[in-house]
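Beneath this line is the structure, given in structure tokens, with notes to follow.
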């Protein structure tokens, strides 16, 4: 019985002459790359040398350089490359690295610059005063802003950044918990609550005519007391509203924060005090709370309310459906300073 080759339809010989023989290459074809054990080791050693060279160029202290792992080194290199791409030599982020330590120490928080997709571009050195972590230590968490936020608040931060990106120039504020050092968590009972206030701004030099970055000031704020009982807190006032957010009661401390006497607000709509740019966010919070199926349904937002002197107060407003069968909404407002 003769067996034929399916390719050339010739009888198969013992040496199978119609198939390429092992060890021979067809004319004009390149040989596959092969690596010996010694060659692989030599390449790894060369890569390590290059990483060490990059580490030596980083503008950080020698002590910090000695603590860097290879992955951490590359994270820092990527940060500075992003910064160099967005802010070429001879330029700098507005209120960015050009600020000296003395001027940074006067700020109520630290400065943050993000790319359009949330990548970290710049963190001011005074971040250690707020989070207990240096800029280098903070980057060990990751290279996006979401890596340094507590997991529970990441989705809200994404929504706020998307809202700001859709309308460049529009300022947004969101309150998030940021990761801190272990010593800080032990001392304060958790991560640091920070109000992030910023906007997307288009870069105007020819090197990046259509690039936008998010410029923000991150300011630490006090935590809301557990259970919403904030009557003893100097930075908080409480109010009760009908389901349409008309004031039905408010604590006397509102005079200190907003300048109104209690009687002036009773019967007035909460919306009459809202900044126009915050109306959509406030309405979304209102709907979520008012339509909540059960008492205790809560929502939190950072909003601007009009003071009696016609200036704006930044407040973190925590609203919830009041219990006891009453058709009411209870708000606890923390003044962000």
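Residue numbering: from 1, along the chain as shown.
The backbone N, Cα and C atoms fix where each Cβ goes, glycine too.
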Annotated range (TrEMBL: region 'Disordered') out of 19-41, 42-64: 19-41
Within the domain 'PAS' (250-278), residues counted as helix, strand or coil by DSSP: 16 helix, 3 strand, 10 coil
